[in-house]
Amino acid sequence: MAARNCTKALRPLARQLATPAVQRRTFVAAASAVRASVAVKAVAAPARQQVRGVKTMDFAGHKEEVHERADWPAEKLLDYFKNDTLALIGYGSQGHGQGLNLRDNGLNVIVGVRKNGKSWEDAIQDGWVPGKNLFDVDEAISRGTIVMNLLSDAAQSETWPHIKPQITKGKTLYFSHGFSPVFKDLTKVEVPTDVDVILVAPKGSGRTVRSLFREGRGINSSFAVYQDVTGKAKEKAVALGVAVGSGYLYETTFEKEVYSDLYGERGCLMGGIHGMFLAQYEVLRERGHSPSEAFNETVEEATQSLYPLIGAHGMDWMFDACSTTARRGAIDWTPKFKDALKPVFNNLYDSVKNGDETKRSLEYNSQPDYRERYEAELDEIRNLEIWRAGKAVRSLRPENQK
């Protein structure tokens, strides 16, 4: 990028923007402060009727409702779920993040995984206690009033014939991805007709769900109702969204959640970005640039300097903060990239909506040698020159200097 001096000047600001405030009153502390008193009140008096606030915001001329964490302070959350046991099934990325956040918020949450498997051992390492709040899957479901199915998509499909009969009337079925119910023709996940079925989908990995919660910030999430038997499914979804660590939530449908999620992962979030990284890096190398220069101009400057600023201020601000040369070139080339890429993105959306991506995922991830094949793919990516160069570049960052 031509605006080298501008970029260097902006880097301290990017680091500042990426660092959470040191002095922050966290939701975790609030939950701890009221936990004991709420338990006493729950016995002494019936639950009070609470008014749940909703904020209407303008998103580029479109009015949308947003549900904020402030509408559900710790005392209200604990009171709302005082008669519930949240049975979290699966302890992968989302299970880990959401489960620990629920536990820290003081809710009665238990984990259900295969006994003595890797997830069982991982849960024990995180402080879950066998026989107290760690059980095998069947035992956890039998104890739970809200069953949070956070198994992988493939595992949800494989285990559903066994799990479905245990989702009995009066329970609530919770997902964090619309994959299984939406593509039921492929997954065979037909939900029972006599239970509430809801979704909370954090917009980030389970690690991010956990780290933002611990920083007192909270991740943004979508929520949806697939089936409302009790008339309280929407409120329950919002409350659970806050409980698992959301800072705010916006409403969607199961269909829109899964379409946008699969589309985004394959596009700008990972697949498309990786493809652009590779293409730009390879051209630079073919034109005689060194690995360090090619990586810095392709990945390092983007992730360490520009992307944090775009996230904080928007693309218009980024253009305005750059040199006239960088600005002119970026603006001129934007429509060329858009025109070249839009047909690819339309094909991708079609592939998501018609179920091709779901079929591919289920078939691949259900193979007995899935793990070995995946590790081989990952090893190939790890050994690409771009990422081997990146490892060396990252070692030079000040925070990595010993």
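Each Cβ is built from the backbone N, Cα and C atoms, and glycine gets one as well.
Keep in mind that this is a model prediction, so the values were computed, not measured.
Annotated features, as they stand in Swiss-Prot:
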ACT_SITE  His177  active site
BINDING   90-99, 114-119, 152-156  NADP(+) binding site
BINDING   Asp261, Glu265  Mg(2+) 1 binding site
DOMAIN    63-252  domain 'KARI N-terminal Rossmann'
DOMAIN    253-400  domain 'KARI C-terminal knotted'
TRANSIT   1-26  transit peptide
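Counting other Cβ atoms within 10 Å of each Cβ, the binding-site residues Ser93, Asn116 show the lowest value at Asn116. Cα of Gly99 (NADP(+) binding site) to Cα of Asp261 (Mg(2+) 1 binding site): a distance of 22 Å. Here the Cα atom of Ala154 (NADP(+) binding site) is found 12 Å from that of His177 (active site). In this structure, Gly90 (NADP(+) binding site) belongs to neither helix nor strand by DSSP; it is coil.
Here the Cα atom of Asp261 (Mg(2+) 1 binding site) is found 32 Å from that of Asn116 (NADP(+) binding site). Checked against Glu265 (Mg(2+) 1 binding site), the binding-site residues Gly90, Asn116, Ser119 differ in C-alpha distance, with Gly90 being the nearest.
Cα separation, Gly90 (NADP(+) binding site) to the residue listed as 'active site', rounded: 14 Å. Model confidence over the domain 'KARI N-terminal Rossmann' (63-252) stands at 96, taken as the mean pLDDT rounded to a whole number. On its own chain, His96 (NADP(+) binding site) has Asp122, Asp126, Gly206, Arg207, Arg210 as residues at least 6 apart in sequence with a Cβ closer than 8 Å to its own Cβ. For the binding-site residues Asp261, Glu265, counting C-beta atoms within 10 A of each C-beta gives the highest total at Asp261. Of all Cβ atoms in the protein chains displayed, 20 besides its own lie within 10 Å of the Cβ of Ser119 (NADP(+) binding site).
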